[in-house]
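Novice: Features from TrEMBL:
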type	residues	note
DOMAIN	40-289	domain 'G-protein coupled receptors family 1 profile'
TRANSMEM	27-50	transmembrane segment
TRANSMEM	57-77	transmembrane segment
TRANSMEM	97-119	transmembrane segment
TRANSMEM	139-157	transmembrane segment
TRANSMEM	196-218	transmembrane segment
TRANSMEM	239-259	transmembrane segment
TRANSMEM	271-289	transmembrane segment
Amino acid sequence: HMSNGSSITQFLLLAFADTRELQLLTFWLLLGIYLAALLGNGLIITAVACDHRLHTPMYFFLLNLSVLDLGFISTTLPKAMANSLWDNRAISYPGCAAQLFLLLFFISAELCLLTLMAYDRYVAICKPLHYGTLLGSRACAHMAAAAWGSAFLHAVLHTANTFSIPICKGNALDRFFCEIPQILKLSCSDSDLREVGLLVVSACLVFGCFVFLVVSYVQILRAVLRIPSEQGRHKAFSTCLPHLALVSLFVSTGIFAYLKPPSISSPFLNLVVSFLYSVVPPAVNPLIYSMRSQELKDAL
(Lines of atoms letter the chains of each structure in order from A and count residues from 1; the text may use other names and numbers.)
(Lines give C-alpha, C1' and ligand atoms only; values in the text may rest on other atoms or scores of the structure.)
Protein backbone atom coordinates (compact mmCIF):
# COMPACT_ATOMS: atom_id res chain seq x y z
CA HIS A 1 0.00 0.00 0.00
CA MET A 2 1.42 3.37 -0.99
CA SER A 3 1.75 6.12 1.58
CA ASN A 4 0.01 8.65 -0.64
CA GLY A 5 -3.26 6.82 -0.65
CA SER A 6 -2.89 5.18 -4.05
CA SER A 7 -2.61 1.41 -4.02
CA ILE A 8 -0.69 1.17 -7.29
CA THR A 9 2.30 -1.16 -7.08
CA GLN A 10 3.24 -1.00 -10.75
CA PHE A 11 2.70 0.91 -13.99
CA LEU A 12 2.14 -0.48 -17.47
CA LEU A 13 4.42 0.91 -20.17
CA LEU A 14 3.58 1.29 -23.85
CA ALA A 15 4.59 -1.88 -25.71
CA PHE A 16 6.62 -1.62 -28.90
CA ALA A 17 4.80 -4.48 -30.59
CA ASP A 18 1.95 -6.88 -29.97
CA THR A 19 3.03 -9.98 -31.89
CA ARG A 20 5.86 -12.19 -30.62
CA GLU A 21 7.90 -11.92 -33.84
CA LEU A 22 7.75 -8.14 -33.78
CA GLN A 23 8.64 -8.08 -30.09
CA LEU A 24 11.77 -10.12 -30.74
CA LEU A 25 12.64 -7.97 -33.76
CA THR A 26 12.23 -4.89 -31.55
CA PHE A 27 14.50 -6.44 -28.94
CA TRP A 28 17.32 -7.03 -31.44
CA LEU A 29 16.86 -3.58 -32.96
CA LEU A 30 17.02 -1.87 -29.57
CA LEU A 31 20.00 -4.01 -28.57
CA GLY A 32 21.81 -2.88 -31.73
CA ILE A 33 21.09 0.79 -31.05
CA TYR A 34 22.07 0.41 -27.39
CA LEU A 35 25.38 -1.29 -28.20
CA ALA A 36 26.14 1.36 -30.85
CA ALA A 37 25.47 4.12 -28.29
CA LEU A 38 27.65 2.36 -25.68
CA LEU A 39 30.44 1.93 -28.19
CA GLY A 40 30.27 5.46 -29.59
CA ASN A 41 30.12 7.23 -26.25
CA GLY A 42 32.60 4.80 -24.71
CA LEU A 43 35.12 5.54 -27.46
CA ILE A 44 34.76 9.28 -26.97
CA ILE A 45 35.20 8.96 -23.19
CA THR A 46 38.29 6.76 -23.67
CA ALA A 47 39.84 8.98 -26.35
CA VAL A 48 39.36 12.20 -24.39
CA ALA A 49 40.53 10.67 -21.12
CA CYS A 50 43.63 9.02 -22.60
CA ASP A 51 44.87 11.51 -25.17
CA HIS A 52 46.49 14.52 -23.52
CA ARG A 53 46.04 16.59 -26.72
CA LEU A 54 42.29 16.43 -26.06
CA HIS A 55 42.58 17.85 -22.55
CA THR A 56 40.91 21.10 -23.59
CA PRO A 57 37.65 22.65 -22.34
CA MET A 58 35.77 21.69 -25.51
CA TYR A 59 36.64 18.01 -25.12
CA PHE A 60 36.24 18.07 -21.34
CA PHE A 61 32.61 19.13 -21.84
CA LEU A 62 32.22 16.55 -24.60
CA LEU A 63 33.45 13.86 -22.19
CA ASN A 64 30.81 14.97 -19.69
CA LEU A 65 28.18 14.89 -22.42
CA SER A 66 29.12 11.34 -23.40
CA VAL A 67 28.88 10.18 -19.79
CA LEU A 68 25.43 11.79 -19.59
CA ASP A 69 24.37 10.21 -22.88
CA LEU A 70 25.35 6.78 -21.60
CA GLY A 71 23.25 7.34 -18.50
CA PHE A 72 20.38 8.83 -20.50
CA ILE A 73 20.04 5.91 -22.90
CA SER A 74 20.62 3.33 -20.12
CA THR A 75 17.65 4.76 -18.22
CA THR A 76 15.09 3.81 -20.88
CA LEU A 77 16.42 1.21 -23.29
CA PRO A 78 17.44 -1.78 -21.12
CA LYS A 79 14.00 -1.83 -19.49
CA ALA A 80 12.28 -1.57 -22.88
CA MET A 81 14.50 -4.38 -24.20
CA ALA A 82 13.69 -6.61 -21.23
CA ASN A 83 9.96 -5.94 -21.64
CA SER A 84 10.10 -6.77 -25.36
CA LEU A 85 12.09 -9.94 -24.74
CA TRP A 86 9.84 -11.24 -21.97
CA ASP A 87 6.53 -9.98 -23.38
CA ASN A 88 5.87 -7.82 -20.37
CA ARG A 89 4.68 -4.23 -19.95
CA ALA A 90 5.06 -3.72 -16.22
CA ILE A 91 7.46 -1.48 -14.32
CA SER A 92 7.36 -1.41 -10.52
CA TYR A 93 6.34 1.73 -8.62
CA PRO A 94 9.88 2.34 -7.24
CA GLY A 95 11.32 1.46 -10.66
CA CYS A 96 9.11 4.05 -12.28
CA ALA A 97 10.17 6.68 -9.74
CA ALA A 98 13.84 5.85 -10.31
CA GLN A 99 13.42 6.00 -14.07
CA LEU A 100 11.63 9.34 -13.88
CA PHE A 101 14.32 10.76 -11.60
CA LEU A 102 17.21 9.60 -13.79
CA LEU A 103 15.53 10.74 -16.98
CA LEU A 104 14.96 14.23 -15.58
CA PHE A 105 18.47 14.34 -14.20
CA PHE A 106 20.12 13.40 -17.49
CA ILE A 107 17.92 15.65 -19.62
CA SER A 108 18.48 18.70 -17.37
CA ALA A 109 22.23 18.07 -17.12
CA GLU A 110 22.44 17.61 -20.89
CA LEU A 111 20.71 20.94 -21.46
CA CYS A 112 23.07 22.68 -19.02
CA LEU A 113 26.09 21.07 -20.67
CA LEU A 114 25.01 22.04 -24.18
CA THR A 115 24.73 25.59 -22.82
CA LEU A 116 28.25 25.41 -21.35
CA MET A 117 29.55 24.12 -24.68
CA ALA A 118 28.02 27.14 -26.39
CA TYR A 119 29.84 29.37 -23.90
CA ASP A 120 33.08 27.50 -24.65
CA ARG A 121 32.68 28.14 -28.41
CA TYR A 122 31.71 31.77 -27.73
CA VAL A 123 34.88 32.43 -25.71
CA ALA A 124 37.06 30.52 -28.21
CA ILE A 125 35.83 32.58 -31.15
CA CYS A 126 34.88 35.96 -29.67
CA LYS A 127 37.46 36.29 -26.87
CA PRO A 128 40.34 34.03 -27.97
CA LEU A 129 42.94 35.90 -25.92
CA HIS A 130 41.01 35.31 -22.70
CA TYR A 131 40.27 31.64 -23.42
CA GLY A 132 42.93 30.31 -21.03
CA THR A 133 41.80 32.50 -18.14
CA LEU A 134 38.00 32.27 -18.60
CA LEU A 135 38.05 28.52 -19.21
CA GLY A 136 40.90 27.24 -17.04
CA SER A 137 40.68 23.68 -15.76
CA ARG A 138 39.26 24.78 -12.39
CA ALA A 139 36.64 27.00 -14.00
CA CYS A 140 35.59 24.12 -16.27
CA ALA A 141 35.35 21.71 -13.35
CA HIS A 142 33.23 24.20 -11.41
CA MET A 143 30.92 24.75 -14.37
CA ALA A 144 30.46 21.03 -14.96
CA ALA A 145 29.80 20.50 -11.24
CA ALA A 146 27.20 23.28 -11.32
CA ALA A 147 25.49 21.63 -14.29
CA TRP A 148 25.37 18.20 -12.61
CA GLY A 149 24.33 19.72 -9.27
CA SER A 150 21.48 21.85 -10.56
CA ALA A 151 20.20 18.95 -12.68
CA PHE A 152 20.21 16.73 -9.58
CA LEU A 153 18.25 19.29 -7.59
CA HIS A 154 15.79 19.79 -10.43
CA ALA A 155 15.20 16.04 -10.72
CA VAL A 156 14.75 15.55 -6.97
CA LEU A 157 12.14 18.33 -6.76
CA HIS A 158 10.12 17.02 -9.68
CA THR A 159 10.26 13.35 -8.72
CA ALA A 160 9.31 13.96 -5.10
CA ASN A 161 6.44 16.13 -6.23
CA THR A 162 5.14 13.84 -8.99
CA PHE A 163 5.06 10.79 -6.73
CA SER A 164 3.35 12.59 -3.88
CA ILE A 165 0.24 13.10 -6.02
CA PRO A 166 -2.49 10.50 -5.47
CA ILE A 167 -3.24 8.39 -8.53
CA CYS A 168 -6.68 7.03 -9.34
CA LYS A 169 -7.04 6.82 -13.12
CA GLY A 170 -5.49 3.42 -13.76
CA ASN A 171 -1.82 2.68 -14.27
CA ALA A 172 -1.23 2.58 -18.05
CA LEU A 173 1.30 5.04 -19.47
CA ASP A 174 1.51 6.28 -23.07
CA ARG A 175 5.30 5.98 -23.26
CA PHE A 176 7.78 3.12 -23.07
CA PHE A 177 9.28 4.79 -19.98
CA CYS A 178 8.02 6.81 -17.01
CA GLU A 179 7.56 10.50 -17.60
CA ILE A 180 5.91 13.33 -15.65
CA PRO A 181 3.03 14.27 -18.01
CA GLN A 182 2.07 10.61 -18.30
CA ILE A 183 1.89 10.15 -14.54
CA LEU A 184 0.03 13.42 -14.03
CA LYS A 185 -2.64 12.18 -16.46
CA LEU A 186 -3.41 9.46 -13.92
CA SER A 187 -3.70 11.80 -10.94
CA CYS A 188 -7.00 12.26 -9.13
CA SER A 189 -6.99 16.05 -9.24
CA ASP A 190 -7.06 17.78 -12.61
CA SER A 191 -4.56 20.49 -11.89
CA ASP A 192 -1.98 20.39 -9.16
CA LEU A 193 -0.68 23.81 -8.17
CA ARG A 194 2.67 22.56 -6.98
CA GLU A 195 3.28 20.85 -10.32
CA VAL A 196 2.33 24.03 -12.17
CA GLY A 197 4.82 25.90 -10.00
CA LEU A 198 7.56 23.38 -10.72
CA LEU A 199 6.78 23.38 -14.42
CA VAL A 200 7.26 27.15 -14.39
CA VAL A 201 10.68 26.60 -12.77
CA SER A 202 11.54 24.07 -15.49
CA ALA A 203 10.29 26.36 -18.22
CA CYS A 204 12.50 29.15 -16.86
CA LEU A 205 15.51 26.82 -16.81
CA VAL A 206 14.90 25.70 -20.40
CA PHE A 207 14.13 29.21 -21.59
CA GLY A 208 17.22 30.62 -19.85
CA CYS A 209 19.47 28.02 -21.49
CA PHE A 210 17.80 28.58 -24.83
CA VAL A 211 18.22 32.36 -24.72
CA PHE A 212 21.87 31.92 -23.70
CA LEU A 213 22.43 29.53 -26.62
CA VAL A 214 20.84 31.90 -29.13
CA VAL A 215 22.72 34.95 -27.85
CA SER A 216 26.03 33.03 -27.89
CA TYR A 217 25.50 31.94 -31.46
CA VAL A 218 24.49 35.41 -32.65
CA GLN A 219 27.77 36.72 -31.18
CA ILE A 220 29.74 33.83 -32.71
CA LEU A 221 28.20 34.45 -36.14
CA ARG A 222 29.02 38.14 -35.96
CA ALA A 223 32.63 37.37 -34.99
CA VAL A 224 33.00 34.70 -37.70
CA LEU A 225 31.66 37.04 -40.40
CA ARG A 226 34.29 39.62 -39.40
CA ILE A 227 37.14 37.15 -40.07
CA PRO A 228 38.78 38.37 -43.31
CA SER A 229 39.83 35.06 -44.90
CA GLU A 230 37.37 32.51 -46.24
CA GLN A 231 39.47 29.69 -44.77
CA GLY A 232 39.53 31.31 -41.33
CA ARG A 233 35.75 31.72 -41.38
CA HIS A 234 35.29 28.11 -42.37
CA LYS A 235 37.67 26.83 -39.69
CA ALA A 236 36.07 28.93 -36.94
CA PHE A 237 32.57 27.91 -37.86
CA SER A 238 33.34 24.23 -38.34
CA THR A 239 34.27 23.94 -34.65
CA CYS A 240 30.71 25.07 -33.86
CA LEU A 241 28.85 22.85 -36.31
CA PRO A 242 28.78 19.64 -34.25
CA HIS A 243 27.52 21.57 -31.25
CA LEU A 244 24.85 23.33 -33.30
CA ALA A 245 23.74 19.97 -34.69
CA LEU A 246 23.47 18.47 -31.17
CA VAL A 247 21.47 21.42 -29.90
CA SER A 248 19.07 21.33 -32.86
CA LEU A 249 18.55 17.60 -32.47
CA PHE A 250 17.98 17.83 -28.72
CA VAL A 251 15.69 20.87 -28.87
CA SER A 252 13.63 19.78 -31.89
CA THR A 253 12.91 16.26 -30.59
CA GLY A 254 12.06 17.68 -27.15
CA ILE A 255 9.74 20.34 -28.54
CA PHE A 256 8.02 17.78 -30.74
CA ALA A 257 7.53 15.42 -27.79
CA TYR A 258 6.09 17.99 -25.42
CA LEU A 259 4.36 20.54 -27.61
CA LYS A 260 2.61 18.43 -30.23
CA PRO A 261 -1.18 18.95 -30.09
CA PRO A 262 -3.04 16.17 -28.22
CA SER A 263 -5.38 15.79 -31.22
CA ILE A 264 -2.62 14.06 -33.21
CA SER A 265 -2.08 11.21 -30.82
CA SER A 266 -1.90 7.51 -31.60
CA PRO A 267 0.03 4.77 -29.76
CA PHE A 268 2.37 4.51 -32.75
CA LEU A 269 3.04 8.25 -32.87
CA ASN A 270 3.56 8.36 -29.09
CA LEU A 271 6.10 5.60 -29.49
CA VAL A 272 7.94 7.36 -32.31
CA VAL A 273 7.99 10.67 -30.44
CA SER A 274 9.27 9.22 -27.17
CA PHE A 275 11.83 7.17 -29.09
CA LEU A 276 13.00 10.25 -30.99
CA TYR A 277 13.86 12.32 -27.97
CA SER A 278 15.05 9.65 -25.54
CA VAL A 279 17.07 7.38 -27.83
CA VAL A 280 18.15 9.31 -30.92
CA PRO A 281 20.21 12.14 -29.31
CA PRO A 282 22.37 9.92 -27.04
CA ALA A 283 22.96 7.43 -29.86
CA VAL A 284 23.72 10.01 -32.56
CA ASN A 285 25.74 12.58 -30.54
CA PRO A 286 29.05 10.66 -30.70
CA LEU A 287 28.61 10.22 -34.44
CA ILE A 288 28.02 13.93 -35.01
CA TYR A 289 31.11 14.88 -33.03
CA SER A 290 33.50 12.27 -34.36
CA MET A 291 32.55 12.94 -37.98
CA ARG A 292 33.30 16.64 -37.65
CA SER A 293 36.34 16.67 -35.37
CA GLN A 294 39.67 15.76 -36.94
CA GLU A 295 41.45 15.79 -33.56
CA LEU A 296 39.02 13.25 -32.19
CA LYS A 297 39.44 11.03 -35.27
CA ASP A 298 43.22 11.13 -34.86
CA ALA A 299 42.96 10.27 -31.18
CA LEU A 300 40.66 7.33 -31.90
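Along the chain as shown, residues are numbered 1 onward.
For all residues, glycine too, the Cβ spot is worked out from N, Cα and C.
Burial and contacts for the listed features, if you can.
Specialist: Across the domain 'G-protein coupled receptors family 1 profile' (40-289), the model assigns an average pLDDT of 86.
Within the chain, the transmembrane segment (57-77) has long-range Cβ neighbours (under 8 A, six or more residues past its boundaries) at 30, 33-34, 37-38, 41-42, 44-45, 48-49, 99, 102-103, 105-107, 109-110, 113-114, 116-117, 120-121, 124, 131, 135, 137, 140, 144, 147, 176-177, 239, 246, 278-279, 281-283, 285-286, 289, 295-296.
Residues 108, 111-112, 114-115, 118-119, 121-122, 150, 154, 157-158, 161, 240, 244, 247, 251 of the same chain sit 6 or more residues outside the transmembrane segment (196-218) yet have a Cβ under 8 Å from a Cβ within it.
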Novice: Find the member of 27-50, 139-157, 239-259 that has more C-beta pairs under 8 Å to the transmembrane segment (97-119) than any other listed stretch.
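Specialist: Looking only at 27-50, 139-157, 239-259, the most contacts with the transmembrane segment (97-119) come from 139-157.
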